[in-house]
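Reading through the structure tokens given below for one structure.
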């Protein structure tokens, strides 16, 4: 047993934690805004945002105050009761979206699990039990439960766990003919990320999403938008589907919703929700007062003209800085994404060294993510300061200099 007085080190992870992760060598102990500090006091500028989670940066004072105040009132009740923070949050999310009903959970995987179950349940009740096929897309990612990871289009995450859930097929992203070859009257849902995050920060084409909507209407199929990564202001609108002017039947959100506190939600219409009765689905912690109070404050801050328009401005600044860097080093083939979900596509001869580039970046004090095998992903705070953007890009520049001057 490790006492509180014993120094905690990265080595403790290897001895104590199930090795499903391989954390970077240092341990962060403090964060403020878009900067974090490790045990040795070294400072880093965070462009990872906890994988698009810390939408308002680290330890935002309003979120701190909200959490502290709610912790003095109610922590947990279970869904034998409802609670005021959950109902207030529900009102705000529903009034800002297409939806009329909402279900709260704790993670993106749980929200997607609920969405897939709802789609099958609705179709079995309204049509017939054979209408249960779910169409997803190659390179998509929808969570780590066995159902959601099977729906996801990356077999490396779902292989070797035994028989997979049946009735799941995969089409090629942005290829409507691929969907046409799979969809039929036994299909209950098509689920799509409007930007494939884990798959490489690849946006869905407008014509592709329009055609998906029409196909779903033709076959009485529910259209599910997975906005776990793009939702809650990440792209400069509260929900990314607003850019397409196309509404889904079911929407899932998480990550930015809690600003770092675990919460997710599934939103849907009165029509789809009409088949649900008590006991059909559930959660112990979902919609708890602490999470919902924090998420309400997140929405109050983000769902404003100042913050949402600021996302676009910050995005343009980052992309401008990246273009300057690329003009110097010529390592990128493309910079893509929307708002503050940005993908830097590396040239083929560079992408094999993507982790070396990230390690050089860490040594310079700037944190990035990967997306796929050849993309550096940026998903910083939606309110990251321009000073942090400029300094972060300077550090990235120095990291690339060192990468190019390295000796193998």
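Even glycines carry a Cβ here, placed using N, Cα and C.
Quick caveat, the model's predicted, so the values are computed rather than measured.
Look at Swiss-Prot and you will find 108, 109, 141, 226, 227, 228, 229, 284 tagged as pyridoxal 5'-phosphate binding site, backed by sequence analysis. Neighbours of residue 228 (pyridoxal 5'-phosphate binding site), defined as other CB atoms within 10 A of its CB across all chains, total 26.
Feature annotation from Swiss-Prot assigns N(2)-acetyl-L-ornithine binding site to 144, 283. Other Cβ atoms within 10 Å of the Cβ of residue 283 (N(2)-acetyl-L-ornithine binding site), summed over all protein chains shown, number 17.
The annotation N6-(pyridoxal phosphate)lysine is assigned in Swiss-Prot to 255. Take the CB of residue 255 (N6-(pyridoxal phosphate)lysine) and look out to 10 A: across all protein chains shown you find 27 other CB atoms.
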Long-range Cβ list for residue 144 (N(2)-acetyl-L-ornithine binding site), cut-off under 8 Å, min separation 6+ in sequence, same chain only, gives 109, 157
Between 229, 284, which of the binding-site residues has its C-beta surrounded by the fewest other C-beta atoms within 10 Å?
284
Give the residue from the binding-site residues 226, 227 that has the most other Cβ atoms within 10 Å of its Cβ, counting over every protein chain displayed.
226
Under 8 Å by Cβ from residue 108 (pyridoxal 5'-phosphate binding site), same chain, sequence gap 6 or more
142, 143, 226, 228, 252, 254, 255, 264
